[in-house]
Amino acid sequence: MSLGYAEKLSFIEDVGQVGMTEFFDSAHVLQDKIEQLAKLIEKSRHLVVFTGAGISTSCGIPDFRGPKGIWTLQREGKPLPEASLPFHRAMPSMTHMALVGLEKAGILKFVISQNVDGLHLRSGIPREKLAELHGNSFMETCPSCGAEYYRDFELETIGLKETSRRCSDEKCGAKLRDTVLDWEDALPPKEMNLAEKHCRMGDLVLCLGTSLQITPACNLPLKSLRGGGKIVIVNLQKTPKDKKASLVIHGFVDKVIAGVMELLNMKIPPYIRIDLFQTILSQSLSSDKKFVNWTIRIASVHGLSAPLPFIKSVEVSFSNNQNYKEATLDTQPFLLKRIQSKVLNLTRMPHWKR
């Protein structure tokens, strides 16, 4: 992951308990608990899932409080964990995609996430069925009209600050802001209200990969108890809410959820990544009007100045014509100017690949 999020956070001395010991249920106990969880999900009428950093560790994103977590290592004065890939290249895990399958089947009603990695949206969970309590590193919003913009690049700021872009609504045009909270920022009321509503409605709140330490978010699952709901916690560390749970499972989240999906006779849908970009082709006559000067630009769909993190280079070639030289663009902006052709050849178009 890009550790930029952790590095951008304001410094505070007390981040809660870190370096927590991990526990693993034996194979027999784990299988028994997986079967219990599958039965609870099968019987549920309003399943809510509450997620933390533990569901994204298999995506190459470090957690915060585990033995090798970001805050654990910071407190010990050790170097931060190295990312296995850039933040924007992280792919949804098996658990993320299993949740998509449960939602599409009508079983999962709502997801509450404390993560800022954007993987729930990227996986396919509908925005209206997701509350991102701490924001999204790829989402910026308009403070004036409320429009949201989900980007394919990590935003440059956190702390609800202004970004370099504006709302695309012609009637608005206000400066956009990032959505990721800093320590002193309050939880967004819209997200919090939806989360509280669904926890109260939930007959089963499944907590995945969270130590349930950060308040007030950690208290949300408890709201289901008032209506007779149950809480299940799947986490490698013990949590302050374990005594309130009907079932506590110590095991890797992906393994637990994969086992549950198999018992429910449900397939985990594959993740298919789609990246979008725009190709801009412009032309103008040369001063003697004998040639056409072409300009080719490969740009983000989010704006000409927005980064294209998923493209390393662009190769431009021309079919069946030796008068034009191939070109490789390996730095942004991907822009190739003054490709000349005779006026009679206006219909000839270049070919490109990424």
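Positions of Cβ are set from backbone N, Cα and C atoms, glycine also.
Annotated features, as they stand in TrEMBL:
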DOMAIN    27-267  domain 'Deacetylase sirtuin-type'
ACT_SITE  His134  active site, proton acceptor
BINDING   Cys142, Cys145, Cys167, Cys172  Zn(2+) binding site
C-beta crowding around Cys172 (Zn(2+) binding site), within 10 angstroms: 14
Sorted by sequence, non-Cys142, Cys145, Cys167, Cys172 residues with Cβ within 8 Å of centre, Zn(2+): Pro143, Ser144, Gly146, Ala147, Arg166, Ser168, Asp169, Lys171, Gly173, Ala174, Leu176
Among Cys142, Cys145, Cys167, the one of these binding-site residues whose Cβ has the fewest neighbouring Cβ atoms within 10 Å: Cys145
Integer Å distance between the CA atoms belonging to Cys145 (Zn(2+) binding site) and His134 (active site, proton acceptor): 21
Within the predicted model, mean pLDDT of the domain 'Deacetylase sirtuin-type' (27-267): 92
All-chain count of other Cβ atoms within 10 Å of His134 (active site, proton acceptor): 21
